[in-house]
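Shown next, in structure tokens, is the structure this report addresses.
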Amino acid sequence: MIKNSSNQTFKIQAGDKSAVKNLYVNYGQPYRKGKLNINSQFTEWNKDTGEFTQVFYVNPKSETIRSGLNGIFENSVGMVVHNGGREAYNVLAVPSDVFYDAVNTKVEIKKIQKGVQLPDAVYENPAEGVTIKDSEINYNNGKLYINFKKRQIDSPYVVVVKSKAKSRDGIDYNLYSSGVLHGDDGIPGEVYSWVESHNVIHNFNDKAMGGTKNDGYFVEHHIYYTRVNGKIDKSQTFEMSSNTLKGGIDNYYVTSKQEFEDYKFSHVDRKKLINLPRYNENGEPQEDNYIPGRKKEITYVYFRDIKQEDKNGSFQEHHIYRTVDEEGNVISTDESKDNEVTSGKSDQIYTTSKQDRDGYKLVSVTPSNEESKKSGVKFSKDGQETRGNYLSDKKLEVTYVYERVQKTKGSFQEHHIYRTVDEDGNVISTNETKDNEVTSGKTDQSYTTSKQDKAGYKLVSVSPSNEESKTLGVKYAKNGQETKGNYVSDKKLEVTYVYERVQKTKGSFQEHHIYRTVDEDGNVISTDETKDNEVTSGKTDQSYTTSKQDKAGYKLVSVTPSNEESKNSGVKFSKDGQETKGNYVSDKKLEVTYVYERVQKTKGSFQEHHIYRTVDEDGNVISTDETKDNEVTSGKSDQSYTTSKQDKDGYKLVSVTPTNEDSKNSDVKFSKDGQETKGNYVSDKKLEVTYVYERVQKTKGSFQEHHIYRTVDEDGKVISTDETRDNEVTSGKSNQTYTTSKQDKDGYKLVSVTPSNKESETLGVKFSKDGQNTKGNYVADKKLGVTYVYERVQKTKGSFQEHHIYRTVDEDGNVISTDETKDNEVTSGKTDQSYTTSKQDKDGYKLVSVMPTNEDSKKSGVKFSKDGQKTKGNYVSDKKLEVTYVYERVQRTKGSFQEHHIYRTVDEDGNVISTDEIKDNEVTTGKVDQTYTTSKQDKDGYKLVSVAPSNEESKKSGVKYAKDGQETKGNYIPDKKLEVTYIYERLLKSENTIVEHHSHPKEDKDKMISTKEKTTDHSQKIVLEQSKVSVMKSTAQTIKQSTLPASAPATPKLTTVEETAAGTRKDTQESSAHTSLPKTGVVAEPVAIEVLLVLAGALLAIPIKRKNNQ
């Protein structure tokens, strides 16, 4: 599969024709609006059943997408998948056949780790993820609603929808499906938005193809199978189909087999013939006519056979146990078990199954690599024991992944209870109980809680919902105001808000008594007293009691309802004031007024008194300093008296009151603040008012402690003052004591205790430096204060450390030893400061990898350069970032071996006439505990004459071989190449005048003797008497044939001097004697030259050595 947009090379081959084209495969970009981004594709489609699979990449760019306002999904991110409606009709010209319902639709949602780059191509399982099961899936009128149940998402999600289309004609399907992602796009001014991704499959029927009822159709299919050792390999099976051909009743088409490469036609699949097309059994071309209104189809089958040696295959299973959080993020890989590798032939079986472990649950079983997947390794998704056959020369692997969930989050839920109570607070009914959504978060995250008012109800209590929440200190405000608190790991915190409304079921009753003075004519002189008795209440089956309340000197003159409502409600009373009972009226207040009168006939009098006294701070009287009784005045009831305070230095008026009960009852007139006031005399009464003045003599002192809780950084700098508590001021006399001590608070530590001010320090306020309980005496007329300061440290710095590992490996990369591990010094700094990291080279070692040392450093984005160049990065608050550099040097542990076989022709004297063939066998390698095998390789007509080390090093290293060429084994020697040369000869008798030439041209130039490597001595002259041919070195000289054998070829093949010379070596032993050959290039008479060279070699015994192929 081509997973990303890129340049690709495509090859199309049919028969003996092929075409190659370079194309840019462009999948395009996801649909997006602001932060909203989505992509989709149909990945499976069955045109016969209507079944299809559509895959959506939701948020493939790992944006932070929050829920939108007033959308389909309240307080959550979600998506709707539907059939496109009118837009689909505009595209397809017919309605879409997509219809989502719970019966035919299955939805799978996987959350991918944040930041993982999904491929451009859309398909199932593009990356490892965690299956999400708490999303809400709903269907309505053919639409699919997916609620992710998250207020925000910041990771990619892969949503796989498998469904079945509903065809309108029962034959053809037309698919149009749109996925609409709903949320906040992050664009200023837009708090709710969506983005849509849609896909189309248009199934063209005959009418759509432009056909008529007189047209017929034809389609040709070709299926190519590969048989490996007689068994069909499905991974190498493919099918090609032609375009649909169209024609009338008078037209015809031609069908035939389409063989290519080594695929051979086998047969026509008769079971797949549709509408009886004509064909030849041998696949040769066949004409046939179209049938109006029908479509003919034919399927040709081909096979190619591949024979492979049935080598051993192997199998290995891996078991990974890891710990994840609630969202499936991996916290740690606790154990990786690589089971023993087993092996067998293809007719033998391996067995695999899960290996459970306490506390872990199997979450996935998958092929360990692409090869195992393609080879169809056998396993059970639920880990049950499964058997499968080994595959020749293949290693099959299966990985079982087990997880246990470590809860790192806590949760919070608030409850709201609305109920109705009567006036006594008794619950009549619970009208509504709202259990808000459970939220969750880590200990550094906070929840928010507050009251939720409802018309007619009043908040009456806020409390922890259970004992555990109370013990854990769940946060809330007694008045229901918004409050934040931190989640507690693996705990559920709950708060209950109770609201009440009062439903009146009682009535009430009150009686009033008015006492007044009248003259002889009944005119009211004064209302002397009005008594409003206590209001009583009760239900309709309960009664109140009322009667007159006589007072000396007064006479009852009337009893009446106090208001119209009481009169209408029939309040009960007796005209003569006798005790009377009546029933309460629900939700009504009944009232009765009793009026009493007395007749005034004489004068009254008035006198005021002034008292000056000294008190302490508690108001206790120390002394009465002066008492003044002013003159008594008198007058009639229509005359008035005047009264006011009489100030005195150092004293303050503290009270003005009637001097006695008679004055109080007679409503003597005065002003509370002592201002001048007039009042009428009361006939036959003496009215009196007393003014009291005080001055304070201080005998007490006071004490107050202050507690300041603040947050500081590592350097002690104050970040914030979190709380300041000013405790209640206490007071006492100098012989009394105050008590002071620290008030600890979770997370804070006492750092200082000091006097709150200079005066407290001077007066020696008592306290303990470590905050222990301490007592001290009050100081008269002084306020002492102590301040306790508590601090908690908030880490604002991060740290960085780099590690350098130097190790030795063999040629296969296996670690032999770790030679040195350097853990550099840990540095630290704030987020606006940077660390620097780079490689530290060491002689003989090469940097092979640079990576984050741990998962935390990886997630925090630690900075480094893959090639180890100096790189800067910023510290991350409260995090330790680490980078590990690994360096390696290779220690060779393998040696190699090669054998050479030389076949040559010699005469009766053993002189080499020609070297007919040189075979340099394949170089093999192995370690010192592994062996190579060497033996002769006989050839018809040739006899083995010598076996020897090929060079001095092989000889010194003791290369193993048998003189008679029998199979021999020897051990490899680390870092050495061992070589053995076998020489075979055949005899050419002297009476044979025909010399065979065997040309074995080779591409390896090192196996040829180049004329450029030879030097020419201009003074040298070689005379070959036997052939009567002279060879001399001169510029642009040609060598001509003097005497040739009678049977020499008339038109010999052109051969280079290098090739000819290479065939004249007498033996393989090195010699210091070399004769330079003329630099002549390509000559016209190669046979003559070869004869000359053979003769020259025989006379001068000049060995021509082939360069070693190294």
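Quick reminder: no glycine exception, Cβ is built from N, Cα and C everywhere.
Summarising the annotation, TrEMBL assigns compositional bias 'Polar residues' to 341-353, 438-450, 535-547, 560-571, 632-644, 729-741, 826-838. Annotation source TrEMBL lists compositional bias 'Basic and acidic residues' at 370-385, 661-676, 719-728, 952-967. Taken from TrEMBL, the feature domain 'MucBP' covers 241-302, 324-403, 421-500, 518-597, 615-694, 712-791, 809-888, 906-985. Under the heading region 'Disordered', TrEMBL lists 327-386, 431-450, 527-548, 560-580, 622-677, 719-746, 816-843, 949-971, 997-1020. Under the heading transmembrane segment, TrEMBL lists 1087-1104.
Within its own chain, the compositional bias 'Polar residues' (632-644) has Cβ neighbours under 8 Å at 517, 519, 525-526, 600, 603-608, 669-671, 674-683, 686-687, 689, counting only residues six or more beyond its boundaries.
Note on the domain 'MucBP' (712-791): mean pLDDT across this stretch is 94.
Within its own chain, the region 'Disordered' (560-580) has Cβ neighbours under 8 Å at 509-510, 512, 545-548, 588-595, counting only residues six or more beyond its boundaries. Long-range contacts of the compositional bias 'Polar residues' (438-450) within its own chain (CB-CB distance under 8 A, at least 6 residues past either end) are made by residues 326, 408-414, 475-477, 480-489, 492-493, 495. Long-range contacts of the compositional bias 'Polar residues' (341-353) within the same chain: residues 229, 310, 312-317, 378-380, 383-392, 395-396, 398, each at least 6 residues beyond the stretch ends and with a Cβ under 8 Å from a Cβ of the stretch.
Helix, strand and coil counts from DSSP across the compositional bias 'Polar residues' (729-741) read 0 helix, 8 strand, 5 coil.
Counting same-chain residues at least six beyond the ends of the region 'Disordered' (527-548), those with a Cβ under 8 angstroms from any Cβ of the stretch are 423, 505-517, 556, 559, 572-574, 576-586, 589-590, 592, 594, 596, 598, 665-667. Remote same-chain partners of the compositional bias 'Basic and acidic residues' (719-728), defined as residues 6 or more beyond its termini with a Cβ less than 8 Å from a stretch Cβ, comprise 704-713, 743, 745, 794, 796. Against the domain 'MucBP' (518-597), stretch 615-694 shows more Cβ pairs under 8 Å than any other of 615-694, 712-791, 809-888.
Secondary structure of the compositional bias 'Basic and acidic residues' (952-967), assigned with DSSP and counted as helix (H, G, I), strand (E, B) and coil, comes to 5 helix, 0 strand, 11 coil.
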